[in-house]
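Single-structure report; data block below.
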Amino acid sequence: MGTLFRRNVQNQKSDSDENNKGGSVHNKRESRNHIHHQQGLGHKRRRGISGSAKRNERGKDFDRKRDGNGRKRWRDSRRLIFILGAFLGVLLPFSFGAYHVHNSDSDLFDNFVNFDSLKVYLDDWKDVLPQGISSFIDDIQAGNYSTSSLDDLSENFAVGKQLLRDYNIEAKHPVVMVPGVISTGIESWGVIGDDECDSSAHFRKRLWGSFYMLRTMVMDKVCWLKHVMLDPETGLDPPNFTLRAAQGFESTDYFIAGYWIWNKVFQNLGVIGYEPNKMTSAAYDWRLAYLDLERRDRYFTKLKEQIELFHQLSGEKVCLIGHSMGSQIIFYFMKWVEAEGPLYGNGGRGWVNEHIDSFINAAGTLLGAPKAVPALISGEMKDTIQLNTLAMYGLEKFFSRIERVKMLQTWGGIPSMLPKGEEVIWGDMKSSSEDALNNNTDTYGNFIRFERNTSDAFNKNLTMKDAINMTLSISPEWLQRRVHEQYSFGYSKNEEELRKNELHHKHWSNPMEVPLPEAPHMKIYCIYGVNNPTERAYVYKEEDDSSALNLTIDYESKQPVFLTEGDGTVPLVAHSMCHKWAQGASPYNPAGINVTIVEMKHQPDRFDIRGGAKSAEHVDILGSAELNDYILKIASGNGDLVEPRQLSNLSQWVSQMPFPM
């Protein structure tokens, strides 16, 4: 104790001497507490002296926050900000809660807190508060959180309850939902494996679409890859490893716990009377090439029989809903089901018109997506596969680009997403339809460009057609063969070619090469998001290290990725075929099927990680109030209540595109 006392006295003396140099004289204190207090004051003054030197460097910005005595001004005090934060933290919950008070108690609540007066006070304090809080106050005063807005409809069951109240709608048409690429859970059904990987440990565990997937890819990467990769030669299951798509609504409602996909749609359909006897989720193994889905799983046969059963039991035609790649699957199915031949549907012409009431194309990729090209060239996945951020981070973090490329190349379903229509849709080196959007000095038709060439192998820029050809040329022979057997990415030059292409399955995923079915009573709804920057073109470089991946996006470039209008994944121009169909009867739409186009503006809620009820992002659109509203109206037989809306110039672009017919 004596030692501590002497040390403190010495510190006091030192502090006193230093303070005397600055012109301040302090009396000695006898109390130990006062000695500590004096020590603290001396420490603060030393900091003040040091701060004075820094103040000369910082200049007016530092002095502006202090008054003439060197103290912080009251408006910049942390204590003031804390008090204001606490004040707002108490009053704002009352403000939001007032909107949800029962009608019988609303007057009492309004008398308790006068929100008009609160807004006046908030106006007085807005200039003092941080920018984030000020923006929050602006949203409140603008009425962005009123009950009449769609934000309130982001809650569970909200859209269904509102439509039930306003229109008294009820379930009518059976509903079949076809999910998009990678959004269906994949689970292991194998029990053998090999010497390095015992498959029985993963029996009936989801190796895609669960936290178990994340744990396995981190803890046992080699085993996880052996399960999810397909056999390169056959495109089917590798020996001793068996994965299958999860079934039922659980297969697509959530990707990972907390990250919903179709759950909002299920909830709202349930409100108006839908249940498993009236709707189903047609989950599929999206890794497989389309005809391999039929060859291995009889997927299209099961889908046909499910639709026929629904039609027989209910007496109503079926409503098909496809999201993303699911829309391609539905378009393919409508050609498959009426085609004749082995592994085909053999339903005969007229089957679609007899069994299908409507086709809802929600953010569909009927003409592909540019992101599929860098996925197959250089394994880009973080921004290519729009799903749970944690899952995509795991794929980017724990797998090299070479590993990702090899995995993606075995998945025969991925090439189906390659863009279709060549220069008609995607432009050439001279121009593209989207160029006027941003007044580009360059053109989006220049899809892949090389700013730094290290060899003669890649010494020119590439259009979309050239880029796809290059992608295949640097791919393994077995991938080239599978793509040529399963898909086609061009366009038909005349009506005769359109009809001829209906005979072979490789054309059925491309609406530029085959017409819509003869189904005059079917209705098509194309609903997609706009106003969200979307990848459209890329700058690539050739790596010097031959042992590494040969081609990668050149992130050292000033602009490695060129963005355009879209929904964050699918660019606007990829919906061109909907507008071509909507022009009326033509070789592409021989029956004159009625096509309704609804463009949804992406207006995400800044306080909702999934964007809220007004989001039109590629995946989050499934939770938007507007899309759910349309789905329920169409499924209940009230599709006439869906009003077309075009916010972009795509219809004008399509009229100027060089379609051959």
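Cβ coordinates are placed from backbone N, Cα and C, and glycine is handled just like the others.
Checking the candidates Asn594, Asn649 against Swiss-Prot, the annotation N-linked glycosylation site falls on Asn594.
Asn461 is the residue among Asn240, Asn461 that Swiss-Prot describes as N-linked glycosylation site. Candidates Asn144, Asn453 were compared with Swiss-Prot; the annotation N-linked glycosylation site appears at Asn453. Cβ-based crowding with a 10 Å cutoff singles out Gln162 as the top-ranked of the recorded positions Gln162, Asn469. Cβ-based neighbour count (10 Å, all protein chains) for Met325 (substrate binding site) stands at 28. Distance from the CA of Asp567 (active site, charge relay system) to the CA of Met325 (substrate binding site) is 14 Å. Across the structure, Asn461 (N-linked glycosylation site) and Asn469 (N-linked glycosylation site) are spaced 13 Å apart at their Cα atoms. Cβ neighbours of Asn594 (N-linked glycosylation site) (same chain, under 8 Å, six or more residues apart in sequence): Lys523, Ile524. His618 (active site, charge relay system) is 27 Å away from Asn469 (N-linked glycosylation site) when you measure Cα to Cα.
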